[in-house]
Structures are given as structure tokens and as C-alpha cells.
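What Swiss-Prot records for Arg56, Thr57, Arg106, His136, Gln139, Ala262, Pro263 is carbamoyl phosphate binding site, and it gives sequence analysis as the kind of evidence. Sequence annotations record features per position, and here Swiss-Prot assigns L-aspartate binding site to Lys84, Arg169, Arg221.
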Amino acid sequence: MSENQQALNHVVSMEDLTVDQVMKLIKRGIEFKNGAQIPYEDHPIVSNLFFEDSTRTHKSFEVAEIKLGLERLDFDVKTSSVNKGETLYDTILTLSALGVDVCVIRHPEVDYYRELIASPTITTSIINGGDGSGQHPSQSLLDLMTIYEEFGHFEGLKVAIAGDLDHSRVAKSNMQILKRLGSELFFAGPEEWRSQEFADYGKFVTIDEIIDQVDVMMFLRVQHERHDSGAVFSKEDYHAQHGLTQERYDRLKETAILMHPAPINRDVEIADHLVEAPKSRIVQQMTNGVFVRMAILESVLASRNAN
């Protein structure tokens, strides 16, 4: 069993993945996009547990599982024993005892997965579909796949991440891996939403200072549900100060691309008519989410088979 397989018993944080593992997942995602197939004759079982709302992550994991021919065990939080007070640990312990091979989990608690992967009793592999404002590895990997398809490399690329930085698991996951891959990072958005941890990975700027220099302009959703009611800007003020207006779009380099993890607050982070503009890769990101999640599932299942 290779070191790479051993490390991918779980995929919970970009910090836990080596650059080599990341590149293998990206390239495997591209292979799946180009038509590669893998038949699973032993019918591994995957359960998706989403304790927070999701469309893209939840449904693209489901499509990835269907394309791989995996067995899906539906889990509805609303009708489960969670509503009787059952803990997440006991829920996963139960699914593990039932023979579920992989659990894809989104949960509001940061680092929820640490207790699960440390348990000697839980044998199910964990894929983190997002933990509060912590990590979102599969989103980061699909973003990387989209950038790699465009440029063929990461070294030397100027990447700006703009918006609700503090509350964004996407920003944290991407900044950690992009710095290791050799990209130059810039962070823009309201000063109230910039924690000092970002300074270790890049430079704080205003969007107008950097918009005409970057190769990748990545906007983040304003996460109203994670803010105190008094902390939210008006939509109009936010868009004027920090969003992608037509004037800012026109200043982007000829080769620059526009990204957003979605869902998008139209006319807040990005002007409505620019969401599908020629430089936008937002739809491509969604498409790539299926294929990179196929690669993640394949790698985790390969590790289980090797054990």
C-alpha cells in the first residue's frame, strides 16, 4: 500500500493533503471528465449526511456516486434519530456498524471530523463536505481543477480572493493549498471580515488595487446566516464597494478568469449580467465538481481496498 493511499483513508482538510496527492486528484478528475470509467463490482456503499443546506456539493457528490456505480444509502437528517438527540458520533458509529464504506458529511461544527477519524471503532471513511467556517476540500479541489484546466500550472499565478473571508471555508482551504502550489495571493473585502490568519498567506488589498493584475478573481458569497444581524452591509453598498461591477470586469486582464463557489448573491458579489460572462468559469466549476468528487471517492475507496 502506497503512502498516498494510506493518507487518503479520509479527505477532511486541504492541510492534510500533499501537493502530490492534490495534483493526482486534479489530473484524475480531468481523466473522468474526458470519459474514464471504473467499474465497482463489489458495490461499495456511500451515505451523504448534510446537516447544513446544500445544492452543489450534495448533488454533485450524488451524481459522482451514480457515475461510479456506487450504492447510495439515503440519510435524511429530518427523519433520523438526530431529532431524538443522537450525537453525530453515534450516528456515524451506527452507519459504520451497518457496513457503510464512506460517509460524506457537511456539519456546522468546525473540525467535527476529528473525533470520527480518531475513533478505533468507526471504520467508515470520512469525506468532509464542509465544516462550518473551517474547511471545504472538495470545493477547493474543483477550484484547482478549473484553474489548472485554464493555465496548466499554479506557480506564479496571481489569485485574488474577495468577499466574506472570515466566514468562508472555501477561502481558508484555497489559501492554504494555493500558497503551497506557488501562487501569489491577495485578499480583498470589508476590513471587518478579515482575520489576521489571512496575512500569513497573502496581502490585504482593495479590489480596485488588484483587479487589473490578477489571473484569477475569486469572489465569495456574503454568508448572511453566519453574521450578526447588525454586521451585514446593504446589498447596494456592498456591491459598489466590493463587488464585480461592469467597470471592474472591464479592467480584468484579457486572460483572467472569474470564479465563485456559489450560491451567488446576484448584484451583491457579482453583477447579475456578469455571472455567465465570457471570463466567468462559474458553470465550469460546477461541472468540475462532479469529476473531482469522483476522483476523491475513487481514492478513498482504493485506500480501503488496500487495507
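Glycine too: its Cβ is placed from the backbone N, Cα and C atoms.
Look at Ala262 (carbamoyl phosphate binding site): DSSP puts it in coil. Overall, the recorded carbamoyl phosphate-binding residues Arg56, Thr57, Arg106, His136, Gln139, Ala262, Pro263 cover a maximum inter-Cα distance of 16 Å. With respect to their backbone Cα atoms, Ala262 (carbamoyl phosphate binding site) and Arg221 (L-aspartate binding site) stand 7 Å from each other. In the three-state DSSP scheme, Arg106 (carbamoyl phosphate binding site) falls into the strand class.
Within 10 Å of Pro263 (carbamoyl phosphate binding site), counting CA to CA, the binding-site residues Lys84, Arg169, Arg221 contribute Arg221. Measuring Cα to Cα from Arg169 (L-aspartate binding site), the binding-site residues that fall within 10 Å are His136, Gln139, out of Arg56, Thr57, Arg106, His136, Gln139.
Within its own chain, Arg106 (carbamoyl phosphate binding site) has Leu49, Phe50, Phe51, Glu52, Ser54, Thr57, His58, Asn128, Gly129, Gly130, Asp131 as residues 6 or more apart in sequence whose C-beta sits under 8 angstroms from its own. Of all residue pairs in Lys84, Arg169, Arg221, the annotated binders of L-aspartate, the farthest apart have Cα atoms separated by 33 Å. Taking the centre of the Cβ atoms of Arg56, Thr57, Arg106, His136, Gln139, Ala262, Pro263 as the carbamoyl phosphate site, the nearby residues of that chain (Cβ within 8 Å, site residues left out) are Ser54, Thr55, Gly129, Gly130, Val170, Pro261, Gly289. Under DSSP, Thr57 (carbamoyl phosphate binding site) is assigned to a helix (H, G or I) in the three-state scheme.
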